[in-house]
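Per TrEMBL, the features are:
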type	residues	note
REGION	1-77	region 'Domain I, interacts with DnaA modulators'
DOMAIN	143-274	domain 'AAA+ ATPase'
BINDING	154, 156, 157, 158	ATP binding site
REGION	328-447	region 'Domain IV, binds dsDNA'
DOMAIN	355-424	domain 'Chromosomal replication initiator DnaA C-terminal'
């Protein structure tokens, strides 16, 4: 029953086959289910990415208050295991009516693995990073209250929330920081208001935090009673100079099903977008994950991953994890062929060869010039440089012949392409600006 429930909640047979079929139920005694996992790597993966699914299935299969214990196989030859517990119930305010909230009564729910030092920043997320630093340095006493962060799934919204909380508490140990997903926030309110008939306990709990980190606020759509409670909490925290940080998968203007008064308050502070990771950030993340997992990939495999896992951070993490799992189970090294096979499943793409036309379009966009400029006969310095850079990148990174490149760039001959290539190399040796421009264009092309 338990594993069937997990399978249903996952919604991915591939994930279930890879991460849950190898699990072995060992025992169920008292209020604890023990399962055996085949390696520490499996244990970490389950706790990191699937713990919410496991908790919900535990609750649905066995009722509330049931814990999860792992037997982790550390030596398959000698059948040696070590034990580890999963936390039982997170996000549970438990304050009696009329009771004064003590600092020790707060559960931060912060994931200590999501820190500021492993939130890698680049141009695509620098605004959010800088705003987060302002919040950390002066929580509640900055122009960014609330700080509203929005972005697509998997770009790091939850990570930056935990990072803000962890770093704030590190700097101010007495700070009462609480992280809560909006869906859990809604469930807590229903529990307090409907089942216990004490909604004031819920409101009182959150009105006494110093830093409220609420994830996926869009989940409160059409939950009118919960929105009313959040409105009271928001006003109280704002009045007391406490900090509020909110995330959503869309900007405030696109939020549906929220009361106007809440919508207005969302815009009081700063709204900042976490954009999809650029190529440079994707490489930073991949390098960090390889170091964390103690795995070394060839440069061609790294470039392939960075090029195709371009939607979000989870694509990169999921691809690396799947590569490691396939390598372990098949006892084969991680090479480009395996990367192609795995990424066809994880991100659903097939490698498309870079074309000369792709290069020309990207160079035109970068320099804000037209295709006619590149292919024409203009001798303006900036046009000539852009044209030569297009030919240089096409020669270095496409399979096109010199004749084909020359034909695409305005019917020029192969000697012109060779001259352009040498010229760009010479200029890059003496001009850091041009070298940086070539690097940025290469990043745009995922090279």
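Backbone N, Cα and C atoms are what each Cβ position is placed from, and that goes for glycine too.
Within 10 Å of the Cβ of residue 157 (ATP binding site) there are 20 other Cβ atoms, across all protein chains. Confidence annotation: the region 'Domain IV, binds dsDNA' (328-447) carries a mean pLDDT of 90 in the model. Every protein chain considered, the tally of other Cβ atoms within 10 Å of the Cβ of residue 154 (ATP binding site) stands at 19. Taking the binding-site residues 156, 158 in turn, the residue surrounded by the fewest other Cβ atoms inside 10 Å of its Cβ turns out to be 158. Same-chain neighbours of the ATP site beyond 154, 156, 157, 158, judged by a C-beta within 8 angstroms of the site's C-beta center, are, in sequence order, 151, 153, 155, 159, 160, 247, 274, 312, 313.
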